[in-house]
Amino acid sequence: MATKPQDANTTSREAITSKADSPPRPTALIFDSGVGGLSVYQEIRQLLPDLHYIYAFDNVAFPYGEKSGEFIVERVLEIVTAVQQRHPLAIVVIACNTASTVSLPALRERFAFPVVGVVPAIKPAVRLTRNGVVGLLATRATVHASYTLDLIARFATDCKIELLGSSELVEVAETKLHGGVVPLEVLKKILHPWLSMREPPDTIVLGCTHFPLLTEELAQVLPEGTRMVDSGAAIARRTAWLISSQENVISSQDENIAYCMALDEDTDALLPVLQSYGFPKLQKLPI
């Protein structure tokens with residue numbers, strides 16, 4: 001088996017909870033096209049458990065992996081603006097590799113608060129590989145992004161980088177979080193280009209925030225000893241540093257909240273999952 005990673009008016013669905021008294025704390029927005037960003041949120045919450053967290057996901061335009069860069073930039077700006085109009089944001093984390101590779105410059109130009117993005121953990125993977133073959137598992141948009149190719153050119157000149165783009169795997173991760181079973185045969189089919197290699201990658205970069213949610217299943221399919229790395233812990237450390245560096249941050253006593261772009265049967269089913277992550281309320285975000 002492979003080893004696991006190392007390092008306004010709104011309609012709402014609410015849990016019946018009582019507000020516990022809590023000290024004021026800065027507000028952090030975690031955004032993803034789907035629920036994969038919860039893997040990044042987990043890492044951040046471990047370091048910063050007392051922040052006021054908002055999780056927003058774009059279940060109308062999901063998945064972003066097949067969308068144009070122009071569409072993604074406009075969409076992310078629209079959503080972050082809508083949240084910012086309702087909450088005093090101290091920091092925004094774009095917990096989506098695809099969105100990060102295209103939208104960060106526009107976000108940083110528009111907003112005064114820091115914006116953190118997620119990029120493939122190619123540099124640490126290069127340090128870990130033993131056979132000199134590193135696999136990048138991401139959406140097709142991330143695999144072909146100029147930012148990704150630049151990372152490879154800067155940090156992986158002495159390694160062979162095998163690229164594998166899959167939007168299907170994103171759907172599989174979403175299915176798992178909704179309570180579905182992950183068929184290993186589906187994973188084997190997706191990973192076949194690597195599994196059929198004479199010398200497959202011994203280190204895999206999980207280049208989509210959805211994929212750490214599947215590490216248990218991926219470990220059953222990948223060759224024994226394969227390492228998987230993602231950038232979640234590094235993003236958490238960066239977020240903690242940026243929060244600690246701010247002065248006169250507006251704090252909130254509100255409870256954590258999740259926003260989606262449309263309420264439907266799928267979001268109804270997702271509410272218990274969000275509650276387990278510490279988000280008692282799920283509301284539609286008017287944009």
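Heads up, the Cβ atoms here are built off N, Cα and C, so glycines get one too.
As written in Swiss-Prot, here are the features:
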COMPBIAS  1-15  compositional bias 'Polar residues'
REGION    1-25  region 'Disordered'
BINDING   Asp32, Ser33, Tyr64, Gly65, Asn97, Thr98, Thr209, His210  substrate binding site
ACT_SITE  Cys96  active site, proton donor/acceptor
ACT_SITE  Cys208  active site, proton donor/acceptor
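Following the DSSP three-state reduction, the secondary structure of His210 (substrate binding site) is coil. A straight line from the CA of Gly65 (substrate binding site) to the CA of Cys96 (active site, proton donor/acceptor) spans 10 Å. Cα of Asn97 (substrate binding site) to Cα of Cys208 (active site, proton donor/acceptor): a span of 6 Å. Rounded to a whole value, the Cα-Cα separation of Tyr64 (substrate binding site) and Cys96 (active site, proton donor/acceptor) is 9 Å. Cα to Cα, Ser33 (substrate binding site) and Cys96 (active site, proton donor/acceptor) are separated by 7 Å. Summarising the environment of Thr209 (substrate binding site), the number of other Cβ atoms within 10 Å of its Cβ, over all protein chains shown, is 32. A simple way to gauge crowding: the CB of Tyr64 (substrate binding site) has 28 other CB atoms within 10 angstroms, across all the protein chains here.
The maximal spread of the substrate binding site, taken as the longest Cα to Cα distance among Asp32, Ser33, Tyr64, Gly65, Asn97, Thr98, Thr209, His210, is 12 Å. For the active-site residues given as Cys96, Cys208, the lowest number of other CB atoms within 10 Å of the residue's CB is seen at Cys96. Neighbours of the substrate site: apart from Asp32, Ser33, Tyr64, Gly65, Asn97, Thr98, Thr209, His210, residues of the same chain with C-beta atoms within 8 angstroms of the site's C-beta centroid are Gly34, Gly36, Gly37, Pro63, Cys96, Ala99, Thr139, Thr142, Val170, Cys208. A simple way to gauge crowding: the CB of Thr98 (substrate binding site) has 30 other CB atoms within 10 angstroms, across all the protein chains here. Rounded to a whole number, the distance between the Cα atoms of Cys96 (active site, proton donor/acceptor) and Asp32 (substrate binding site) is 5 Å.
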